[in-house]
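As given in Swiss-Prot:
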COMPBIAS  638-652  compositional bias 'Low complexity'
DOMAIN    190-253  domain 'LRRCT'
DOMAIN    312-399  domain 'Fibronectin type-III'
CARBOHYD  N85  N-linked glycosylation site
CARBOHYD  N90  N-linked glycosylation site
CARBOHYD  N122  N-linked glycosylation site
CARBOHYD  N210  N-linked glycosylation site
CARBOHYD  N376  N-linked glycosylation site
MOD_RES   S460  phosphoserine
MOD_RES   S646  phosphoserine
REGION    258-293  region 'Disordered'
REGION    627-674  region 'Disordered'
REGION    697-731  region 'Disordered'
REPEAT    157-178  repeat 'LRR 5'
TOPO_DOM  26-418  topological domain 'Extracellular'
Amino acid sequence: MAGHGWGTAWVLVAAATLLHAGGLAQGDCWLIEGDKGFVWLAICSQNQPPYEAIPQQINNTIVDLRLNENRIRSVQYASLSRFGNLTYLNLTKNEIGYIEDGAFSGQFNLQVLQLGYNRLRNLTEGMLRGLSKLEYLYLQANLIEVVMASAFWECPNIVNIDLSMNRIQQLGSGTFAGLTKLSVCEIYSNPFYCSCELLGFLRWLAAFTNATQTHDRVQCESPPVYAGYFLLGQGRHGHQRSILSKLQSVCTEGSYTAEVLGPPRPVPGRSQPGHSPPPPPPEPSDMPCADDECFSGDGTTPLVILTTLVPQTEARPSMKVKQLTQNSATIMVQLPSPFNRMYTLEQYNNSKSFTVSKLTQPQEEIRLTNLYTLTNYTYCVVSTSSGTHHNHTCLTICLPKPPSPPGPVPSPSTATHYIMTILGCLFGMVLVLGAVYYCLRKRRRQEEKHKKAVAAAAGSLKKTIIELKYGPEIEAPGLAPLTQGPLLGPEAVTRIPYLPAATSDVEQYKLVESSETPKATKGNYIEVRTGEPQERRGCELSRPGEPQSSVAEISTIAKEVDRVNQIINNCIDALKSESTSFQGAKSGAVSAAEPQLVLLSEPLASKHSFLSPVYKDAFGHGGLQRHHSVEAAPGPPRASTSSSGSARSPRTFRAEATGTHKAPATETKYIEKSSPVPETILTVTPAATVLRAEADKSRQYGEHRHSYPGSHPAEPPAPPPPPPTHEGLGGRKASILEPLTRPRPRDLVYSQLSPQYHNLSYSSSPEYTCRASPSIWERLRLSRRRHKDDAEFMAAGHALRKKVQFAKDEDLHDILDYWKGVSAQHKS
């Protein structure tokens, strides 16, 4: 005994050492590991506390997992999907009542599955899905009542199935038909209901060779007339006790016949005329029979009288749906004999059953509430007999998804209302836009009328001013009043005009010297062009130097010419065509009524070119230079005639030379006209008469006057020499040969416009220096008149510069005298 005790101890120590060498389990499971952490076996049986779910701390390389004798209630796909190498799974003796469809789909290597002694009620196709290599399936000692015909379709390699000790009443003929490798099928200890519906399975079972030979334990339990019958008869009296032979003899196309001896015995509780099945044949007696009455074989064979009866099948409970709502249902249950058995309505959910209500009426309506849409609910009529539940009929209800509420469909009246509202809004917008357009158009017309009225008033006012200014000079018989102006230089010189007594006779008048009583002159041409108001100078751009200042002043002349271009053409043509007789005059004072421009004549070279006059500050130095054009021929220049934009009476002037100015030979001299005769009478042909006569003639010269001039560089001014000594007012008079000076020390250079100044904004009168912003219609007009006017103004300016460039000395003098009067008119 002592040796045996020591041997047992050594075995336990060796087992413990082996388990520790293989690796101790994580948690409460014992693991047997291999190389590189590979786990062969995990024993998690009889855990304390017992597992209620499959543990997840086990290595996913496990091959054999044993979880028997725990409290696992369900098998989920998520708990088994990580064990891809699992081959053997033992879940025996748990509380499993629900297996998720496809729970074993990740165990494609599983060969042995033990689910015995659990609480499964149904066996469906989804529970065994994916077990293509499964060979041994143990489902004994469960609560299985229904085995679907397609339950084993995905397990073609099954060899052994154990469905014993369950509650199976019916099996289909095709339940095991596809299992070609099946050798053992244990179905004993099930309460089979022997009827013609079981005949197909009985035929398969008779053809199947079961290796275990447990036919004596497979019996019918119901109906009571066939209780105790074996599914397959064996032994001495097996043929008579086999339900297969009995059903084959009585079942034809859904009905069956039975062997009866004597009148049929009524079955208690099922005594309905025409509906009770025939009773089973009586048990054979052991009494010996007479020799002449005994048939061959063992024992006495009773005489059996075969009678064919019209069998009546037993009425079974029925269920149908009466009404379905979004969360409830009403079912109708009909019971053939509610008092023969105890019927209840059971709900099956995940292999679990719940009693809904007891059925005590032949026909009842049961309302089922708190249901969910898109969920299958299974209800069965169950009867209890000898502690066993029998399913008579089942019904599956699935509440459909409630239809989505239809969107608001506008009625025809509403749609019409919307359409009319939209059309009304559009029509209203059209009316508003039309009204706005009408108002703006009316306002534009009013503005145009106002502009025309203002332009007419301005023209009338200008004409009135001209008449008021020059009218007395034309009509007065005597001397016209003189306009006061600033004195020029140290001595004031004036030119006093005399008007003729009669228009028919041309008389000679002598010029008297007025230097003894100095008078303020109206201003010479230089002052007229440079004596600008302060506000006009502020509106112009700042001038970087004197050459640009001279360019700007020449530009102002070009700007004014565009408005009176036709008048200039007529005037120039008239002045060029008139025949004037010039008489020598004594150099002396100039008229104070009009500003005088003194011109310089110098010897002509072989080639002449027109240059703009240059004004200088000093007396007698750097005076105004006048170069004649190429067409001009050398000769004595004529005296200038003054035209101020209005028709003047013909008049004569007498010039008296008061002194002689001596300058160096290289200096430029200003000579208007000199003659040894002391007095010279200047006769001027009336310009207005010639203007009217030569109006048509002027159009012939339009083309060459509108040609654009070339660019000529301005001649730089000469440095001013020191001013000479002058006498007082009572001394020597200012000679006409001396250049007129400006009262302010500022040089002005009149030069031709270069192309870079052609786009300058300029004008020669204050009212055109700063223009008001155009109105809204002028800004929005597609083809504005401003571009056209600017083009005409530029063309007119170029035409004037062309005329000035090619004009001869007397024509140039007439143009400058004319603009002297126009500038004086604007200044006034």
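Each Cβ is built from the backbone N, Cα and C atoms, and glycine gets one as well.
Shown on the structure are the features that Swiss-Prot records.
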residue: N85; record: N-linked glycosylation site; CB count, 10 Å: 16
residue: N90; record: N-linked glycosylation site; CB count, 10 Å: 21
residue: N122; record: N-linked glycosylation site; CB count, 10 Å: 21
residue: N210; record: N-linked glycosylation site; CB count, 10 Å: 16
residue: N376; record: N-linked glycosylation site; CB count, 10 Å: 10
residue: S460; record: phosphoserine; CB count, 10 Å: 10
Spatial neighbour of N122 (N-linked glycosylation site) that is closest, considering only the recorded positions N90, N210, N376, S460 and their CA atoms
N376
Nearest of the recorded positions (N90, N210, S460) to N376 (N-linked glycosylation site), judged by Cα-Cα distance:
N90
Of the glycosylation sites N85, N90, N210, which one sits closest to S460 (phosphoserine) when you measure Cα to Cα?
N85
How many helix, strand and coil residues does the repeat 'LRR 5' (157-178) contain under DSSP?
0 helix, 3 strand, 19 coil
Need one number: mean pLDDT over the domain 'Fibronectin type-III' (312-399).
82
To the nearest Å, how far is the Cα of N210 (N-linked glycosylation site) from the Cα of N85 (N-linked glycosylation site)?
32
Helix, strand or coil at S460 (phosphoserine), per DSSP?
helix
